[in-house]
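**Q** Take a look at the following structure, please.
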Amino acid sequence: MSQTPANRLGVPVGAEEDCEAIPFESPGSVQPHGVLLGLDPETDEILVVSESCELLLGRPVDALRGRLVGEVFGDVEGELLRRVNEEALVQGPRFFRIGLGLERGCEARAHHHDGLFLVEIEPIPESAAEPFDPALKGLLGPFGSSSESDTGWLINLLDESRRVENSGEFLERVTHQVKVFLGYDRVLMFKFADDEHGEVIAEAVSQGMEPFLGLRFPSFDVPKRVREMFLVNPVRYVMDMKAPPSPLVPDRHPRTGRPIDLSRTHLRSISDHCREYRNNMGTRASLVVPVIVGGELWGLLSCHHRTPKRASVGLRIAAAQIGGIVGNALQTLQTRERLQAQNEVQELFESLLSVKGDSLSGEFSESAEKVMKAMRASGVALVVDRSVMTVGQTPSKEQCLDLAQRVGGGESPWLFWTQTLAQEFPDLAATLRPERCAGMLATRLFHDRNDYMMWFRPEQAREVIWAGNPTQGVRTVGNRYALSPRESFEQWRQAVAGTSAAWENRDLSLAETCRTWISQRIASLRADEANRSKSSFLASMSHEIRTPLTLILGYTEMLMDQETEPWKTEALRVVRHNGEYLLALLNDILDLSKIEAGKLETRFEPVDPFDLLRDVVDPFQPRARAKGLRLELTCATPLPRRVVTDPVRVRQVLVNLIGNALKFTDQGSVRVVASAEWEPTTGSARWIEIAVHDTGIGMTPEQMSRLFRPFEQVDPSLTRRHEGTGLGLAISRRLARMLGGNITVESVAGQGSVFRFRFTPEPESDLALPNPANQPQSGEPAAGKPTAGISATVSSNDVSSPPPQPMAATDPPSSSGFQLVARHEQTPPPNRPPARLASRSVLVVEDNPDNQSLLKNLLIREGATVFIASNGREAVEFFLERASADHDIDLILMDMRMPIIDGYDATRKLRSMGLKTPIIALTAQAMPGDLLRCLEVGCNDYISKPFAAASLIHTLVKWLQVQPPNPLRAMPDHHL
């Protein structure tokens with residue numbers, strides 16, 4: 001018993017090539033029961049004729065060659081052949097009957113090939129029965145008719161083929177019915193495997209004939225060139241294997257000198273190799289038709305007979321039709337199986353999509369079992385960035401990495417599969433364990449890296465039964481090997497080792513699905529990791545930049561409030577201006593990063609659109625007056641009293657548009673025109689539009705095409721004059737689209753521009769109501785609102801005085817630990833408003849001494865009493881020591897990023913102690929989630945660093961105005 005694997009038969013190299021070299025398609029002869037004529041399709045001249053013409057037609061070769069067909073057979077027959085010639089040229093092979101002076105006439109078949117009109121003629125012997133007609137009208141021409149029972153069987157077969165559920169049972173019935181129908185001794189269904197070997201999977205056999213059911217035949221039994229001929233000719237018919245062939249005269253093409261290709265004929269003779277092979281099988285006559293599925297040769301319906309057997313042209317065509325019916329039935333079954341497999345693939349894909357995790361290893365571990373089960377594998381491995389994850393029975397991680405390198409490479413396919421892994425890589429055979437991983441299917445994840453997902457199947461030890469020993473027919477011819485027909489087809493058993501179950505098309509589809517899923521997840525996780533790294537870096541840089549900016553801008557404002565010398569005031573103004581520019585640049589970069597990552601937060605709340613517009617426009621009036629421009633706010637249509645939107649983002653867009661309009665307009669005006677479109681059925685606003693009109697420099701169409709691209713300037717020379725990063729409009733358009741709207745522009749160079757910002761209000765049901773804990777206990781007085789339907793105009797002439805300037809303090813920085821800082825009674829400048837935090841106490845929790853000093857001075861200037869703690873633990877201890885006493889702190893300013901205990905944990909601890917005092921978060925972090933996190937831990941509000949002094953004081957006043965002053969007040973120089 002051989003231990004040779006099934007696809008390695010022990011046939012010496014070169015033997016199979018010898019078989020392929022046989023010119024099966026051009027033997028130079030035909031079977032002797034018929035005559036082949038090769039005509040010139042243009043002139044009807046007989047160019048080629050088989051020597052059988054003398055015996056069958058009574059005319060020698062010389063009487064036919066070189067003559068016109070009409071001269072030889074008469075005008076009637078000549079006219080018939082000319083008509084068939086024309087039809088075959090257009091419609092392909094034609095079947096017809098022709099007399100040629102014979103009593104029963106002849107069956108004939110004609111087709112065009114290689115410049116010849118080839119006519120096959122088969123005289124009908126007197127002993128022959130009436131030819132069979134399968135009742136497919138017009139299919140066979142005038143060949144007679146069939147009995148009703150024969151016709152009914154064929155119709156039933158056609159009907160049954162449409163309802164095939166089990167291919168094995170169907171093919172078994174086909175072989176038995178074809179045996180009865182065609183009268184052959186043996187009818188078998190021969191299926192080609194992926195390795196091109198074949199197996200008899202259904203058979204009907206007469207008593208005394210050797211059965212072949214379940215036997216395998218090596219690929220060289222049906223050579224590749226023969227298989228290819230079955231795709232162009234649906235019939236291979238041999239009436240008598242032992243009959244000597246009839247040579248062609250001449251045996252080569254008279255025009256080209258090439259061998260005459262008979263691959264499309266029925267009369268083509270057989271080779272000596274095939275004749276001996278069939279004789280050893282006990283076969284004297286045969287009729288073979290292909291079974292073609294999906295355009296590929298699936299198998300053969302092969303009929304064998306022990307004695308010579310004539311099959312009429314009608315029977316051959318009927319057999320070809322049966323082969324077509326079987327092929328269509330198998331195609332239908334495969335389509336059904338493929339759809340079922342697609343459903344399984346889709347179910348697996350949807351199941352995999354539901355697997356979500358923070359790491360690739362976690363997702364792989366969670367999904368590996370279902371992937372293995374779907375693939376019917378015993379193990380699965382994932383190789384990514386030279387890291388290996390395995391589940392189930394797999395090679396070692398080092399071997400998996402090695403296999404990925406071997407099957408990978410620049411031009412390697414997306415899929416690689418084998419049933420015999422050790423044979424593919426013989427040097428690994430000693431270390432691979434076939435009982436764990438005999439077969440492998442691997443899918444490449446990315447085209448530019450050797451990252452793979454691999455499935456493994458164990459050895460499936462089995463016994464293959466061959467029809468004779470395929471290695472016994474090898475002979476030596478000179479210095480090469482050649483195959484000779486096997487003398488025996490007795491069962492030859494072969495033990496197959498080291499081979500897994502075959503990988504099917506369904507498995508390949510599943511692998512493609514898993515590749516799509518895992519590659520998308522890897523790309524997504526890598527993108528998430530990159531975003532996390534980017535966000536972490538930006539948060540860190542934001543904190544590091546904002547902290548010194550807070551000090552620079554804060555102290556600059558304090559100094560400007562007290563400075564009287566003009567040149568010093570101007571110097572401080574330049575410092576403040578450039579600090580504000582640096583802050584704006586930082587904010588733009590952070591916003592763009594958050595938008596691109598899809599993590600920019602929006603907070604919808606009800607807002608009066610006119611109040612919002614007025615709050616945005618009013619601060620720009622001083623700048624407009626300074627340039628001699630008129631800045632107007634106009635309502636072109638009635639505005640709703642209340643809409644739900646994100647006022648922060650709307651304000652951000654409007655500030656950018658109005659600021660640009662003022663920047664690029666040197667004379668004339670800037671008009672802000674608001675309008676709304678109303679929903680007539682509900683009375684709500686469909687959209688709000690704010691158009692910013694200016695009489696500035698305008699733009700060309702080419703400049704407008706680049707207007708909303710990040711970091712692009714429509715005119716780089718203007719950057720040096722007006723400053724700018726090229727980010728503002730890009731961010732504004734993206735914000736507008738996040739709000740359900742857009743920004744459009746109309747412009748004429750030298751005349752001005754109109755920027756239209758439109759947004760869609762959110763429905764009231766989508767409003768996230770604010771947490772009552774995050775609002776003052778009694779709100780500020782509501783701002784005045786214009787009545788809907790009244791158009792209002794506010795110009796620079798109607799503007800109240802500018803907001804108050806911050807006041808400076810000059811105390812030195814506090815020491816570490818918490819302490820009381822006394823109020824400093826200073827003589828305020830004559831224009832300074834009264835202190836707004838008088839009789840109020842504030843605890844500043846801040847680790848940076850410079851920030852402590854800044855906040856202390858700002859708060860003392862407003863009349864507050866200030867306590868300082870250097871970290872969260874000191875703040876908690878401060879209140880723990882006063883647990884039994886009335887708290888003398890009205891408000892806490894809490895930095896969120898500190899050592900020991902940070903602001904988040906400190907706030908959480910204070911709230912758990914029952915502290916109700918307002919806590920305002922101070923944060924230099926501006927990444928998604930930071931501000932929401934402050935509110936979630938218990939802060940009432942937050943202020944981002946760097947902050948304007950006026951904004952800081954305004955926020956504190958808002959939260960302190962409803963709180964009664966505490967009776968306890970620390971005295972000057974009283975340290976806690």
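Just so it is clear, glycine is given a Cβ too, placed from its N, Cα and C backbone atoms.
Heads up, TrEMBL stuff is auto-annotated, nobody curated it.
From a predicted model like this one, the values you see are computed outputs, not experimental measurements.
Pulled from TrEMBL, these are the listed features:
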type: DOMAIN; residues: 166-310; note: domain 'Phytochrome chromophore attachment site'
type: DOMAIN; residues: 540-763; note: domain 'Histidine kinase'
type: REGION; residues: 763-818; note: region 'Disordered'
type: COMPBIAS; residues: 790-800; note: compositional bias 'Polar residues'
type: DOMAIN; residues: 841-960; note: domain 'Response regulatory'
type: MOD_RES; residues: D895; note: 4-aspartylphosphate
**Q** Near the residue listed as '4-aspartylphosphate', which residues of its own chain have a C-beta under 8 A away, given they sit six or more steps off in sequence?
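**A** Counting only residues 6 or more apart in sequence, the Cβ neighbours of the residue listed as '4-aspartylphosphate' under 8 Å are V845, E846, D847, N848, N851, G903, L922, T923.
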**Q** Please list, for the domain 'Phytochrome chromophore attachment site' (166-310), how many residues fall into helix, strand and coil according to DSSP.
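**A** The composition, in the requested order, is 35 helix, 46 strand, 64 coil.
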**Q** Would you mind giving the whole-number mean pLDDT across the domain 'Response regulatory' (841-960)?
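**A** Mean pLDDT for the domain 'Response regulatory' (841-960): 86.
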**Q** In which DSSP state, out of helix, strand and coil, do we find D895 (4-aspartylphosphate)?
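**A** Looking at the DSSP assignment, D895 (4-aspartylphosphate) belongs to a strand.
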